[in-house]
Amino acid sequence: MANYFNTLSLRQQLDQLGRCRFMARDEFADGCQFLKGKKVVIVGCGAQGLNQGLNMRDSGLDVSYALRQAAIDEQRDSYKRASSNGFTVGTYQQLIPEADVVYNLTPDKQHASVVEAVMPLMKKGATLGYSHGFNIVEEGQQIRSDITVIMCAPKSPGSEVREEYKRGFGVPTLIAVHPENDPEGKGWDQAKALASATGGDRAGVLESSFVAEVKSDLMGEQTILCGMQQVAAVLAFEKMVDDGIDPGYAGALIQYGLEAITEALKIGGVTNMMDRLSNPAKVKAFELSEQLTDLLRPLFEKHQDDIISGEFSRTMMEDWANGDANLLKWREETGETAFENAPAYEGEISEQEFFDHGILLVAMIKCGVEVAFDVMVEAGILPESAYYESLHETPLISNTIARKRLYEMNVVISDTAEYGNYLFANAAIPILREKFMPTIDTTVIGKGLTAASNQVENKRLVEINEAIRSHGVESVGKTLRGYMTDMKAIVV
């Protein structure tokens, strides 16, 4: 199979990258009615598979799970998850032939083998669904011509898809139809119905393309969503402990601080996050963010370039073929970091203290969000897509860190995201250790600014506020957040 994106002409590539339209609420007036009475068979029951399935069932759809015979015979975790939640579970041969929609929610590395196994069993005119287009775009999977191919891609980990739905809300979602596979013209109606059934229409849905979803999703998860947060956790903890701060406090400041800081980001963008700081702290965070940008922008650009060209996918698939040697090595190394092994903290940290003592964390989040957004837009991805793949999803990843640190983040995200995260973090950490962290002290991470540093020039503050508010991610973010009026605060 050849990389699908690389078979397109430049004009076609730019057209597919630039597919992005925020859909009006009235376009979902029929909810998931288009799929009512249809048989939806989900293949795989991991985080996305289970949680999307629960939402779809609660929305009134007929949902069952097709698993490999061995998974059923050995009662593996996927079987236990599906059966314990009361779903019908069967083999591919038992369930796929009657399915109207086969929804492939297995890990990326399994997509090719899964599709090759289920496609001969699918009835004529059935639909194949994805939540990530890697198999279509990067692996170039060829799908039978009578099959409709759609995507419904919630922009969050599977656990958050469920939690937001239970709150009466949802997570922003991208939908798409593969241009090579819509023989009956029903793809968009089905994709809209899936988005409604999983709760996405309550938060906002983007009409996108397989190409735009893949190229933006890979960039977001590698840089700001996972990579930058892992970099922040590892380096901030090292600095605090080296400077004499209690390891328990340092670990808690990062583990729960990232969640508190990015909750402010979610509710009101970079502007609100920065406004939670005192004026002197805001100036300091802004200046640190500018320094970080100068050092890390070339790395962000390299990641986006490698994603666009297919180089990232090529090297990752080589690692798949090598038994995930690099992935497993990097996972083990992450588990051995000092932050991951920090003792529990018995004290309490107030919400404001996370900001006052975590100026460096704020600066790193600001840098990551803005640079990831800018680099995606420069590559031809539209601002709306870039916003969801940078700013909006960041707090959802921070929530996983708050549960069980980096281990939880890397368990919840896909193997593809985890691989890209390590690739970015392993490159960024040495750069910052050498060129940035020696300039950092406990005034910006661990203790906060002293009274003597509590001064700021009015003109400088005005310039900084204007720079923050006028950034592209803030402009599009204000518009998109306007559609999410029912957003509930995660941190109570």
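Each residue, glycine too, has its Cβ placed from N, Cα and C.
Annotated Mg(2+) 2-binding residues in Swiss-Prot are Glu389, Glu393, and among Asp217, Asp242, Asp243 the one listed with them is Asp217. Swiss-Prot lists Cys45, Gly46, Ala47, Gln48, Arg76, Ser78, Asp108, Lys109, Gln110, Gly158 as NADP(+)-binding residues, and of the candidates Arg68, Arg167 the one it assigns to that same site is Arg68. Along the domain 'KARI N-terminal Rossmann' (14-208), the predicted structure has mean pLDDT 96.
Taking the Cα atom of each, Ala47 (NADP(+) binding site) and Ser414 (substrate binding site) are about 9 angstrom apart. Look at Ser414 (substrate binding site): DSSP puts it in coil. Local packing around the binding-site residues Cys45, Ala47 was summarised as the count of other Cβ atoms within 10 Å of each Cβ; on this measure the leading residue is Cys45. The two recorded residues Ser78 (NADP(+) binding site) and Ser414 (substrate binding site) have their Cα atoms spaced 15 Å from each other. Each of the binding-site residues Asp217, Glu221 was assessed for Cβ neighbours inside 10 Å, and the highest tally belongs to Asp217.
For the recorded Mg(2+) 2 site, residues Asp217, Glu389, Glu393 set the reference point as the centre of their Cβ atoms, and the other residues of that chain within 8 Å of it by Cβ are Lys155, Ser216, Met219, Gly220, Glu221, Leu225, Tyr388, Ser390, His392.
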